[in-house]
Every structure is written in structure tokens, then in C-alpha cells.
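Heads up, the thing below is written out as C-alpha cells.
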Amino acid sequence: MSIDNQASTALKNSGQEVKNNTNQTSELSKEEKLRKRREQLELWRQKKQQQQQEQEEVQNKAKKTEDSTNNTSTEEVKKSRQQRIEEWKRARLQKQQATKEKTTTITIKKKVHSQTTRPTLKRNLDFGDDEDDRKNSHRPVFKKPSLEYDEISEHQNDKESEDELDVFLASIRESELKSDNTKAEKAIESIPEGDVENEKENDDYGGDGDEEDESDEESRLQDLISTKLTKLQNKGKELQSIDHSQENYQEFRKVFYREAYELSALSDEQVELIRQDLDNIKVKGTDVPRPILKWSHLALPTNLSSVIHDKLKFEKPSAIQSQALPTILSGRDVIGIAKTGSGKTLSYVLPMLRHIQDQQFSKDNQGPIGLILSPTRELALQIEKEILNFTKRNNNLRVCCCYGGSSIENQINELKKGVEIIVGTPGRVIDLLAANSGRVLNLKRCTFVVLDEADRMFDLGFEPQVNKILTQIRPDRQTVLFSATFPRKMETLAKQILTDPVVIIVGGISVVAPEIKQEVVLFETSAEEQDKYKQQRVEKLHDILTNYQIEHPDSKILVFTEKQNDADELVANLLSNKYPAIAIHGGKDQMDRKYAIKEFASMDSGINILIATSIAARGLDVRNLGLVINFDPPNHMEDYVHRVGRTGRAGAKGNAITFVSSSQPKEVFNLVKALKLSHSDIDPKLEEIANKFVTKVKAGKEKISSGFGGKGLDNLQEVRDNKLKLEKQRFGDQQPQRQQEETETKKSNDEPVPDIALPEFNIIEGNTPETSGPDKCKFYCRIVINDLPQKVRWNIVQRESLSKIIDESRTSITTRGQYYPPGSKPLSNDQERNGSLAKLYLLVEGLTLQSVTEAITLIKKKMLESLDILNQRENLQPTGRYVV
């Protein structure tokens, strides 16, 4: 056992010694390897550092060489490249348009619809290697620059001689030419030989094709503008034409009056005396009924007569009512002229109600029996209020007031339920007639038509709308016209829509009622002292208001101004001086105007002063209105009659005070004339100023104007002539002249509209007379935009639109001249010398013919865009389906 143990122990010891020796050997080999690796890494680092130093030296040499050989800076190179890119784009675009038009011409001859337009290539202008290789494989491949000095120099020399951008553009042109030639060859192969010969002949004798294409494009734009302008002129609220001969109208009764025995027993001399006593009534016409003396002579139904006696408490008819009521109830058409506040409204309301009661009441959406048209919203509301006195107790008599500025949905709701009477303004009535293709409102049942304030309605230019409405009504209707004034030139127009009318004139035309006490306050100021004149009037107004309100604390006061701004300023002044006041004028919303009248008319509102423009001169009937003050004198006598006629109504007494300056001779002349006609006292100073004015008129230095001239009436014939001239130009004057018999029997349904002149785009070579200074143009063009529609003008002259056109065309565009309303003419026709007096126009100036032509093309496109928008709005407004 001991021997074995010793042997095993010896073996173990020897094994450990061997193991220790091998471990020492492996440790030595690892250290050597690590040392060798470190030495190799150090050598590699030294070599790498040496290579980097050499590379930096080479790069520095290359930079020095580049600086010495390349004199153009990097920014200049980029700028020149960008310019060449823009020129290439422009040339390519022109070439595409020319190619497109030529190819279209060829395909038209073949009568085969083929797509000839090329897809646009989206090209990245960043000339990176990846993008170039991926999108344009046919580009020339440039040699990659190395680190050698000689190679870099050679590459820079090549770059100077032939730029990479030029090579790129040239390669694209070559590819496009090849593709265009291929397409052209294919198209020509498909065309018959005869057509090809014709094309060759056209090329030989036709001149430059590009110029022809440009002229064709210009003529196309010109034709489009002309077409859209003509369409806009003829655009209106189209109503369905009605052939009355084909309609099966029911017969209706017109005559409801039987003359009383005591009236029929009177002799003609006695009748004339009665008319003289009734404010000197004058009648024109055949078989005119005699005037009534009391309400019982009319034999009205109880529901009407009870309202007159019990509610309105009218003891006897007024002068106009005495003659107009029996005439209208006899079925005659009437023209009634009487002073304001004389009861004209009741003169046609009573016959209309009697007329309606004799017929079957309207069912749902059958249309009204009576139609009353008024020029203003306020007058329409006043008429509705008068009718409601009779209809509140009778549920079968329904009335609807239709006017602009308020929601049309509520009006459509009322019409769908069925109404017997419509009171409205012409514009809104046409809207309702045209709405939903005529299914909202029709006038086939209408047999009684009233035009209140007819002269003002025609004078405001409502004649086309009124004629259009009357074409929708049966020809055997009964038509009545009433007004306080009736100029002689209106008589002919009124008789065109009436049949054998009876003219009734009470108290003379344009005469102030004798119940009104008139006073004129004269201020001795010159035309230059406007501020002083205004301050004097304000102080005088304060004195009058203070004294009058002390004597009449419950009386209402109406103050008229000429301008809307003056009305607002005067209200602010009165409120600051503790005078409760409110204003009404055309610049306010309909809700504000309605609220102002309601507050002013109310006895409990505490507001007794209303400041208004002439918008309140018609139809405003406020009880206890005792004083009218003309802060600004009216510019004609008819307006004065209507203004002061707001007081002294229904037999009550009234006062009217007018402020006027000695520097306003025309206004003084009108006031003196009105005072003479009403037999009032006249200040000698006023007569002196008026006589001087008459002397100047006789010498031709001044001119007398009357009525609302210049707002439509005087231009009606001129508008018709312009429209006829436009039709002759459009149709080459080849239409035969209309026969006189046809014009007498058939009334026109078209609405005369102002003639919209087509702008001219003539380019003139030379300097413009309007331009002064060293910078002058070589080409210019005047584009008259005065006669274009307002929204089209605004879209063209907007700063953004003009700036865009100026930037794209590199021209100068300025707005010159001044705006002239339709029908008016410039003071001088010489635009060359009087550019500031000419009609509103755009002056386009440029250094080249091409730039001016490009600017004109852009302006034409802007015109077309604006006309399209305007036509779309016109289409949506009148004929859209209203959703209730």
C-alpha cells in the first residue's frame, strides 16, 4: 500500500510540473502577440496620418488652383443657372402650347378624338448623382474627380467651356424633339394625302404659325369676354312667359258703384261747383263719375263702413276720396294726383277690398287677387298697416308684405298658406315670382293692381321691373296709379300700362297742403364757410327744439338731412345735448330702420325726434307729428313737397321749417316757388336771391332741374337705344325691322339694362402721355374698365391681383381716370390730354411688346374668372329653391 501511494504521489507531482510549464509558455505567446499587434497598429496609424496630410496638401493646392482659374463666385453661378432654367422653362412652355394647338388642328381635320397632350414631367432641379441616375439615364456621365492636380485642372477647364446645366438642357431638348417628331410622323401618316397638301399650302401662305396661334388665343379670350358680358347684360330674374290668349281666366266683376239719386239729380254746373269746393278737383277722361259727398253714397258692405265710422272715425271723404272712390268702384283705370296726407291710400284700399270680397277667397298657393307695388319698404309697411285696420276682424282677408332686406323664408311661408293681397317692392316681388320656377308665387288670379308713388317708382328705374310683373297679370285687370307729384314726362309712360284712364288732379301738382305753416330760415354765409354754416344751423336747431318741446311736449319732430353721415353726426350731437333722438337712412339695416320708426311712432318710447334722409319723405305716417325741419334744403320742389307733407296729415295742423344759405340760389328758387303756389308769405331777401337766379338761367349760366332726374327716368330711352345698337352689332343688323302693329299689340318682356362696353386691348408703341420723368416705357395699352360690372372691376384692381400680374409680366400697371356712372359721359373725350378726366382705365406699360401682351392676357383671364363668379351668383340668387 505504501509503495502504491508513493507512486501515485510521484505521478501527480510530475503532472503539475508539466502543467505549470505549459501555462508559462502560453502566457509568453499572448504577450508577444499583443505587443506585435500594438506595433502594427502604431505603424498603421502613422501611415494613415501621413496619407491624410498628403490628401490635405493636395486639396489645398486644388483650392488655390480653383480660386485662380474660376473668377465667377458661387452665388453668380447659381444666379446664372437659375436664369437659364427660367428661360428654358418659358421656351419649353411656349413650345408645348404651339405643339398642342398644331396637333389639335391636325386631329380635327381627321375628325378623330385622340389625346395629344404630353404628360408633364416633374423634374428636380437639384442635380444630385442619385436623382440624375434614377430619372435621366440618358444624361452624359461625368468623370468622378480624383485627388490628382492635373485631373482637377482638366475638369475645371471642361466646366468652363461647357457647363453641366447646358449639357443637361440640351439633352432634354434633343429627347423632346425626337418624341415630337415621332408623334408628328404618326399623326401625319394617319391623315389623307389631300389634307397634307392643304396643310403644306397653308404653311406656305399662312406666315408664322406662332403668331397665328397667339392671335387665335387673343381672339378666343376676346370672344369669351364679349359672350359673358352679353350674357350678363341679358341676365335677369327670368320669369316664365305667359300666353294670355291660351289661359282660361275666370270672369270677374269690376263695377260695384251705382250713383245715388241725389247725385244724379245734380246739373253739370252744380257738379263743377262741388269739385271747386273740394280743393279744385280737375278730371280728364270720358264718362267720369260725379264726386260723392258722404260715405253712404258708396253703399259699402257693413264690415268696411263700420271700420271707417267706428275705428278710423272719418266723418266724410277727403277731396281725392270723393272723386277717386266712385271712379275706381266703377271699374275704371285711374291716375290720382293729390297732396300728401290727403287720404290716397284709403282711395284704393276700399275699392280693392270690395273687389276681393266679390270673388272666391284664395286657397293654398293660388296667388293673390290684389297687388300693391311701392318704391320703398317703409311705404309698403305703412300700406300694410292701413289694410290691417280692415282685415283684423275678417280672417278671410289675408295680406302679406314682401320687401327686400328681410328674410324671404317667412314671406314664402305666408304665401304658401294663401293670401288675398300682396304689398311689396318690385324687386322682391320678382324674386318671389322667379323662385322655384314660379311655384312659390303666381299672379294668374290677380285682377286689381295698384302703383303707389308711381312717379318715384318709375323715376328710380323700376319701369322694367314693373313691366315684367305686369306681363304675368291678365290684360283685362284694373290698374290704379297714385302719387303726390306727377311730372308731364311720366304721363306717357303711365298711360302705356293703363286702359282709357281717368286722370284726377286735386289741388294742383306739387303743392303743399294749406294746413302746413311754412317757414324759411336764411343764413348769410358764403360757399367757403361751410363749417360756420353748419355750426349756425346746429345752434338754431337746438333753439327750435327747446322752444317747440316746451309748447308741445307730446308732439313728434322730424328732421331731414341730405347725407347719411350728417344724419348720424346730428343724432350724436343731439344725444350729447340731452335731446332723445334716433336716425334712419338707407345705410342702416332693415331691422334697425323698422325699429327706429316703431320707437318714433310710439307715444311711450320717450323718443320724439327722428333724423332721416329723404328715404322717410314717402309714406311715413306718424300721428301727432307736428314739426318738420329741413336741416339741409331739398334739391328740387317735388322732394320738398313730400318732406313737409309728413306733417299736417288728415286735416291736422303742421309746421315746416327749412334752413337755407344765401350761397344756395337754386334751393332758394325752389322754396320761393313752393311758397308762392301755397300762397304763403315770402321773405324779400329770398325773392331777391331767386330773381338773381332766374336772371342767370335766362343768360344760360344756370339750369333749372326738377324731379328726381338722372336716377333712371331720363335715361330710359337712351338705355333702349343702346340695347338696340348692341343687338344690331351682335346680329349684323340683318334682322328685319319690327312692325309697328306688333309693337303696339305686344308688350316687351325684356328688361332694359345699361350697355356694358367691351374693353379695347390696343397696344401702342411709344411713350405714354401720362408718364413723366426719365423712366419711360416703349409700349403701353389702355384698358377701360369703367363700364364693367362693379364686382368685376373690384376683382381686377385688387392689390393682390395687380401685383401678381405685374410680377408675372414684368410690366407697370396703374389705375387712371375716374369712375362715371352708367349713362353719364366724361367731361372731355380727349383721353390723351385729359387722362385724369377720362373714364376709369388701367394703364399697362412695358419695355417689350411681349410683356405688355402677356399682361393683357392675364387681365383678360382675370376678367373671365370674375364674370364666371358673377354669373354663378346671379344664377343662384333668383332661381334657387328656397328651403323653409
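A Cβ is built for glycine as well, from the same backbone N, Cα and C atoms used for every other residue.
Noted in Swiss-Prot for the protein shown:
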- A338, K339, T340, G341, S342, G343, K344, T345: ATP binding site (BINDING)
- 1-25: compositional bias 'Polar residues' (COMPBIAS)
- 28-45: compositional bias 'Basic and acidic residues' (COMPBIAS)
- 58-67: compositional bias 'Basic and acidic residues' (COMPBIAS)
- 75-90: compositional bias 'Basic and acidic residues' (COMPBIAS)
- 173-188: compositional bias 'Basic and acidic residues' (COMPBIAS)
- 192-217: compositional bias 'Acidic residues' (COMPBIAS)
- 739-750: compositional bias 'Basic and acidic residues' (COMPBIAS)
- 325-504: domain 'Helicase ATP-binding' (DOMAIN)
- 540-690: domain 'Helicase C-terminal' (DOMAIN)
- 1-220: region 'Disordered' (REGION)
- 727-754: region 'Disordered' (REGION)
- 293-322: motif 'Q motif' (MOTIF)
- 452-455: motif 'DEAD box' (MOTIF)
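Feature map: annotations from Swiss-Prot on the structure.
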residue	record	Cβ contacts under 8 Å, 6 or more apart
A338	ATP binding site	A319, I320, K344, F482, A484, I504, I505, V506, G507
K339	ATP binding site	A484, V506, G507, V511, V512, A513, V641, G645
T340	ATP binding site	A484, A513, V641, H642, G645, R646, R649
G341	ATP binding site	A513, D621, G645, R646, T647, G648, R649, A650
S342	ATP binding site	S318, A319, I320, V506, G507, A513
G343	ATP binding site	P317, S318, I320, Q321, A650
T345	ATP binding site	Q382, I383, E386, D452
Collapsed DSSP category at K344 (ATP binding site): helix
Intrachain neighbours beyond the compositional bias 'Basic and acidic residues' (28-45), with Cβ under 8 angstroms and 6 or more residues off its ends: none
Segment confidence, the domain 'Helicase C-terminal' (540-690), expressed as mean pLDDT: 89
Cβ neighbours of K344 (ATP binding site) where a neighbour is any other Cβ within 10 Å: 23
Helix, strand or coil at A338 (ATP binding site) [DSSP, three-state]: coil
Helix, strand and coil counts within the motif 'Q motif' (293-322) (DSSP): 19 helix, 0 strand, 11 coil
Environment of A338, K339, T340, G341, S342, G343, K344, T345, the listed ATP site - residues of the same chain whose CB lies within 8 A of the CB centroid: S318, I320, A484, G645, R649
For the compositional bias 'Basic and acidic residues' (75-90), the number of residues DSSP places in helix, strand and coil: 16 helix, 0 strand, 0 coil
